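Some notes on the structure that comes next.
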Amino acid sequence: MLDYVPNPRPDALYTIRFSAPEFTSLCPVTGAPDFAHLVIDYAPGDTIVESKSLKLFLGSFRNHNGFHEDVTVGIGQRLFAEMRPRWFRIGGYWYPRGGIPIDVFWQSGVAPEGLWVPDQGVANYRGRG
């Protein structure tokens with residue numbers, strides 16, 4: 001369950017970023033762990049998500065079986081529906097198993113005009129470390 005607090009600057013258009021460089025879930029085929037660096041950006045509405053509750057929510061996927069695409073998009077859609085931000089995006093930068101890194105991206109739509117949306121800053125696979 002995610003916890004929320006009132007947005008301290010509800011009239012300002014700004015971006016909040018969370019990075020989870022050690023995200024883990026399980027491969028639904030083999031049961032082996034899959035690792036990703038998740039980057040979540042959002043422009044808050046009336047509330048902001050409390051960071052510890054988000055950390056615990058993401059940690060709950062440690063024993064979740066799911067394909068990279070389903071996990072990344074599912075997290076994004078659930079957070080967007082619950083958080084009700086002005087705008088939301090998630091990047092799932094999955095480390096390779098079997099030699100192929102998979103990067104999955106989802107966003108709620110076009111960013112509002114005037115919102116600063118920085119690059120997610122995660123290097124292509126060989127640059128990750």
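Glycine is no exception: its Cβ is also placed from the backbone N, Cα and C atoms.
Copied over from TrEMBL, here are the features:
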ACT_SITE  Cys27  active site, thioimide intermediate
ACT_SITE  Asp34  active site, proton donor
BINDING   Val49, Glu50, Ser51, His68, Glu69  substrate binding site
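The structure, with features from TrEMBL marked on it.
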| residue | record | DSSP class |
| --- | --- | --- |
| Cys27 | active site, thioimide intermediate | coil |
| Asp34 | active site, proton donor | strand |
| Val49 | substrate binding site | strand |
| His68 | substrate binding site | helix |
Taking residues Val49, Glu50, Ser51, His68, Glu69, which bind substrate in the record, the widest Cα spacing (Å, whole number): 25
Distance from Asp34 (active site, proton donor) back to Val49 (substrate binding site), taken between C-alpha atoms, in Å: 25
Between the residue listed as 'active site, thioimide intermediate' and His68 (substrate binding site), the C-alpha gap once rounded to whole angstrom: 8
Greatest C-beta neighbour count within 10 angstroms, which of the recorded positions Asp34, Glu50, Glu69: Asp34
Spatial neighbour of Asp34 (active site, proton donor) that is closest, considering only the binding-site residues Glu50, His68, Glu69 and their CA atoms: His68
